Amino acid sequence: MPPNIITPSWLPIAIKFVVLCFFLRWCIKHPNEETMWLWFMLIVCEFWFGFSWILDQIPINHSSDLAVLRDKFDRPTPNNPTGRSNLPSIDLFISTANPEKQPPLVTANTIISILAVDYSVEKLTCYILDDDGALLTFEATAEACSLLLETGHRAQKP
């Protein structure tokens, strides 16, 4: 990301950090003598939550190395002599209710995005739960599945 985008996002984080430091300083300087154990718990929890909040603010970019995954899960090994995919199965559920509240285009795009993932086809299943039973959602789902069939993906018609 360019620095002009990152820099403004650090301003609220810095302000919250300063406020957190002032709050912790105030809490430590003003202990409650009657309930010392409760005051101690407050200090420990505030330090813990402050530390975890700071860790959450650190930007981390995760990426998967598909070649390493294929070497680890799709190659013949003593545990997997056939060389078939050893990845876990994934079942994804998409629930829709009303085509006015959740447009069928969004549902169709979600289906296409899920099934277009570079994952073992035998291990990925997408279920669609339509509580409303709207014809518009059914047609959008059927169109998305036919699009996937045309492009070579294995999808079953709804």
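Here the Cβ of each residue, glycine as well, is placed from N, Cα and C on the backbone.
Annotation source TrEMBL lists transmembrane segment at 6-24 (among others).
Marked as transmembrane segment by TrEMBL: 36-55 (among others).
Counting only residues at least six positions away in the same chain, the Cβ atoms of ILE128, LEU129, ASP130, ASP131 sit under 8 Å from the Cβ of SER95 (UDP-alpha-D-glucose binding site). Per TrEMBL, UDP-alpha-D-glucose binding site is recorded for SER95, LYS101, ASP131.
ASP131 (UDP-alpha-D-glucose binding site) is surrounded by 10 other CB atoms, counting those within 10 A of its CB over all protein chains shown.
Among the record's UDP-alpha-D-glucose binders, SER95, LYS101, ASP131, no two C-alpha atoms are more than 13 Å apart, and one pair sits at exactly that spread.
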